[in-house]
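See structure below.
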Amino acid sequence: MSGPSLLVLYGSQTGTAQDTAYRIGRQAQRRHLKVRVLPLDGYNVAELISESLVVFVCSTTGQGDPPDNMKNFWRFLFRKSLPVGSLSCLDCAVLGLGDSSYPKFNFVAKKLHKRLLQLGAGMLIPVGLGDDQHDLGPDAVIDPWLRSFWEKVLVLYPSVSNMEPLREDDPLPPSYTFQFLDEETDQTEVLLRINSEQTGPSEFRPFPARMLSNRRVTEPSHFQDVRLMEFDISGSNIEFAAGDIVRICPQNSAEDVQLFCQLLRLDPDSRFTLRATDDAPVPARLPQPCSVRHLVERYLDIAAVPRRSFFELLSGFATNELERDKLAEFSSAAGQDQLHSYCNRPRRTALEVLSDFPHTTAEIKVDHLLDLFPEIQPRSFSIASSLKVHPNRLQILVAVVLYRSKLFKPRRGLCSSWLASLDPEQGEVRVPLWVKKGSLRFPKELETPVILVGPGTGVAPFRSALQERVSEGKTANVLFFGCRSESKDFYFRSEWEDMMKAGNLRLFTAFSRDQEEKVYVQHRVRENTALLWELMTNKNACFYIAGNAKQMPAAVCDALKEALQQEGGVSAEEAEQMLAAMEKTGRLQSETWS
């Protein structure tokens, strides 16, 4: 039997599934297989019936939703009209990447696996369920899963097993080649053409919104810097409703860009065009031609904690024996605990790794940059304002990520730190952004009450919802808000007080550090069981939770179950079933993040 060609399809929201898909692609190349790696929505799904060997790598987003770059594929695959045996010629495997702190852990991978079986596909191995919560991250599952996959492929295709694979430290050809331009080359025409193609705001054509204000809303003495930022979206055609999300592309700091260019001996002002080595399109977010400064500042994710694949690729350049041995250890399955101690636990950045391995860094060829460094991923923020109250404006509530690890330099969140550094009072500041539908949906009926539980910055989507509802005359609104201190981080206090005075809001607050015993929103939920029972059973209220995914959402749901048991006289099992039914009909919704 002749060697197969492998197709690796991925659905990725933050880049982890994409990184894993390309890792599988490199392993296939080393085994001399012809391989294609594509996002699921970049592949014509109707051609799946003619494929022989496919690996699906997919993450789960939100509350069990598929990532944005596989939504079209998802809709097609679940058409009822698809014949039961339509994929009977396909051998495939499904690898999921998820986080077990979420209730719908790896939901997309499990559902995809089940659907492929329904359509007659042959599953080579059981579905893999990678977990971010594991001490070694998803690699704890990915490594053994990949070993099983390749063992199965070698049995199915003996011709592959007869060929000696390339060594792990043999560098593979780069995906792109850089062609640097003379200083005199005119770039005006190309850049103007790119700008003139802009239609509606999207990931590849974000709207450059002017920042109007960037105001700290926590007391100066408070440990957490939280900002309310406002943008002017006039002329963008952007529309949004309560619960929607704004996506923002961050930039690397000027200091990091300068250090990167120094380490790799690159001139930031030099310009180049890209050519794909396999005729693939060049990345949509990079202009052609492009300056090195633009590439490093806005595209290469040099300030992120690098993944294992970074060390695998870096080891291919190493000529210094000490550095080569250490990189080989970090790249191996046996060295993952050492890699986590060096990189993940202290949150060491890719740029800092380059500084730690100077001999290897000096060997990096520019053509390999796009293979080594992933693309900066856009960040999502709940929109904290309503167009009905703030026309042509968009507001977000941003907690600036800043903390210490064992490393000397404090760790900073790329997007929040960049946004916080922008000062519209010093001159015009523009931020590239676009809007997408969020997972929260609010009732259209005038009389339907909403119960909103949003501690900390989780209150942001509920501010948007309350502004919108009050403007529409919907007055049955209950908000449970929690923070550390009434005097330091009580977001939007005056707005809530105005709504209460007007009879448009009932507010319950939990200030966890203002007394000896900590009080959280779930305690306030427990204290108001009679009200919740009345609203939910007699008035068909909808219940919403937004905020950090760690303990809060589960604790609030437990408090809600207790309310149902106490007021309704139902058993724990019946309360669980009631919540499940509410979730199914959209009367219980949550938006959480880790």
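Keep in mind that glycine also has a Cβ here, set from the backbone N, Cα and C atoms.
TrEMBL: automatically predicted annotations, no manual curation.
Feature list (source: TrEMBL):
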- 12-17, 59-62, 97-106, D132: FMN binding site (BINDING)
- R347, R379, S380, F381, S382, G413, L414, C415, S416, W593: FAD binding site (BINDING)
- T457, S512, R513, K518, V519, Y520, V521, Q522: NADP(+) binding site (BINDING)
- 6-150: domain 'Flavodoxin-like' (DOMAIN)
- 204-443: domain 'FAD-binding FR-type' (DOMAIN)
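Taking the features listed in TrEMBL, we show where each one sits on the structure.
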residue	record	Cβ contacts under 8 Å, 6 or more apart
G62	FMN binding site	S439, E591
D99	FMN binding site	F105, D131, D132, Q133, A549, S594
S382	FAD binding site	G243, I245, I396, L397, G438, A460, P461, S464, A546, E591
L414	FAD binding site	P250, N252, A303, A304, I376, R379
T457	NADP(+) binding site	V226, L397, V398, A399, Y491, G547
S512	NADP(+) binding site	G482, C483, R484, K518, V519, Y520
R513	NADP(+) binding site	R484, S485
V521	NADP(+) binding site	V453, P455, F480, F481, G482, F508, A510, M552, V556
Q522	NADP(+) binding site	M552, A555, V556, D558, A559
Top Cα neighbour of G15 (FMN binding site) in the set of binding-site residues R347, S380, S416: S380
For S59 (FMN binding site), the one of R347, S380, S416 that lies nearest, given that the binding-site residues are compared by Cα: S380
Same-chain residues at least 6 apart in sequence whose Cβ lies under 8 Å from R347 (FAD binding site): V305, S405, L407, R411
Cβ neighbours within the same chain of Y102 (FMN binding site) - under 8 Å, at least six residues apart: T60, Q63, A549, T592, S594
For S12 (FMN binding site), nearby residues of its own chain (Cβ under 8 Å, 6 or more apart in sequence): Q18, D19, A21, P39, V57, C58, S59, P67, N69
Largest tally of Cβ atoms lying within 10 Å of a Cβ, found at which of the binding-site residues S59, S380, S416: S59
Site extent for FAD (largest Cα pair distance over R347, R379, S380, F381, S382, G413, L414, C415, S416, W593, Å): 26
Cβ atoms near K518 (NADP(+) binding site) (within 10 Å, other residues, all chains): 12
All-chain count of other Cβ atoms within 10 Å of Y520 (NADP(+) binding site): 18
